[in-house]
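Data first, discussion second: the structure below is written as structure tokens.
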Amino acid sequence: MYIFETYLDLRQHTALKLPTLPKTLEGVISQEKFEKSRAYSLDKSHFHFIHEFVTILMDSAILFFRVLPWFWKRSGDFVTLVGLNAENEILHTLAFLGGVMIWSQITDLPFSLYSTFVVEARHGFNKQTIWLFFRDMVKGICLAVILGPPIVSAIIVIVQKGGAYLAIYLWAFMFVLSLVMMTLYPVLIAPLFNKFTPLPEGELRLKIEKLASSLKFPLKKLFVVDGSTRSSHSNAYMYGFFKNKRIVLYDTLIQQCKDDEEIVAVIAHELGHWKLNHTMYSFIAVQLGVMACPYVNSYSPRPHKASGAKHTIIPLQHLVSFALNLVSRSFEFQADAFAKKLGYASALRAGLVKLQEENLSAMNTDPWYSAYHYSHPPLVERLDAMINRTRKQTDAGNLMDDEH
């Protein structure tokens, strides 16, 4: 998998080095923005090569030198040392996973620091201080300490008691857990890291509420999140179940898209996902993907064995991920078409171009790399799809007029 994905990375790196814009973006994206995007993308690509190479060396060394079984024994010694029963598989597993988490934090920290404070800062995206960086990291560790033990304990009990229906019980538990986390994350967890404030009264709020009302979207709250405290990248999303829907705009999106109509067009695209039931279909697809990749060891739930077994199904996981990307990409085209049908074609194009420019997203992309990695089609493909769809509709309209 590493060799295959490195090949795709090399193809993408070659595409990023192209000195000219794709024809679709000529005259749409300024040369200055293109050069900045190109430099940023190449910087990230170089960093990615190094990160992946170091990662594959560490993972291979851990497997070759049987580090996981050794660490499983040492974690049992630790449980005994603190006066607990090492024969209790739950306590033993929590000690093991705690050590793995500490190891992961230590080995990944240099890369996270370099990515944030060198690569992102060099291109003007990083807005967080070193204090905020470490505060977020500590919060994440605390959440893992609070949420991890009960989840891990439940999984171990299911593995011990599941018998012949282990895979079904485990999937059912993960299904319920994902629903719970989808409900709790935006309400309890996300506010620990960002500040959410109601979108102020004004023209933008009125337009979004009017759009939601016209589509019968049960909008309960409209928030602005202070994404600018960490990065100047922008985004927008919606969440919530049934009649309790909420829309969140990044403050950077509002700052970058000065025209309210462009922001409303982006929201129209997001509401298209809701209207076309993409959220439900995506959730079902993900759950089917989870079912397709069971790797629990039926005779022992010991984590060092599960971690080893996990590597054997990585190709299957990547195939499932590729299939999910294909579904997601088709949904993006449909949501674009939905926004266009509502009369936001011009504003959506302008909004997508503005986001592409301000986020310095890659302008040239390799088609193989894009198909394999991107859950969202590149801007060129989205603009081409909208233009081609317009031409087809125009041709069809002219044909009807001729027949009439």
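One-based numbering along the chain as shown.
In case you wondered, yes, glycine gets a Cβ from its N, Cα and C as well.
What you see is a predicted model, and the numbers here were worked out from it, not measured in a lab.
Residue environment of Glu270 (active site) contains 20 other Cβ atoms, counted within 10 Å of its Cβ in all protein chains. As annotated by TrEMBL, active site applies to Glu270 (among others).
The feature active site is assigned by TrEMBL to Asp336 (among others). Packing around Asp336 (active site) is summarised by its Cβ count: 25 other Cβ atoms lie within 10 angstroms of its Cβ, all protein chains included.
If you look up TrEMBL, you'll see His269, His273, Glu332 marked as Zn(2+) binding site. For His269 (Zn(2+) binding site), the same-chain residues lying six or more positions away in sequence with a CB closer than 8 A to its CB are Ala335, Asp336, Phe338, Ala339, Tyr344, Leu348.
The annotation domain 'CAAX prenyl protease 1 N-terminal' is assigned in TrEMBL to 12-195.
Taken from TrEMBL, the feature domain 'Peptidase M48' covers 199-386.
Marked as transmembrane segment by TrEMBL: 53-72 (among others).
What TrEMBL lists as transmembrane segment is 92-119 (among others). Remote same-chain partners of the transmembrane segment (92-119), defined as residues 6 or more beyond its termini with a Cβ less than 8 Å from a stretch Cβ, comprise 43-44, 47, 51, 54, 58, 71-72, 74-76, 78-79, 86, 126, 128, 130, 133, 137, 141, 144, 148-149, 152-153, 156, 301-304.
Sequence annotations record features per position, and here TrEMBL assigns transmembrane segment to 140-160 (among others).
TrEMBL lists 166-188 (among others) with the feature transmembrane segment.
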Far apart in sequence but close in space: which same-chain residues, 6 or more away, have a Cβ under 8 Å from His273 (Zn(2+) binding site)?
Thr279, Phe331, Ala335
Tell me, how many other CB atoms lie within 10 A of the CB of Glu332 (Zn(2+) binding site), whichever protein chain they belong to?
20
Measure from the CA atom of Glu332 (Zn(2+) binding site) to the CA atom of Glu270 (active site) and give the result in Å, rounded to a whole number.
9
Note on Zn(2+): the CB centroid of His269, His273, Glu332 has further same-chain residues inside 8 Å, namely Glu270, Gly272, His278, Phe331, Gln334, Ala335, Asp336, Phe338, Ala339
Average pLDDT across the domain 'Peptidase M48' (199-386)?
81
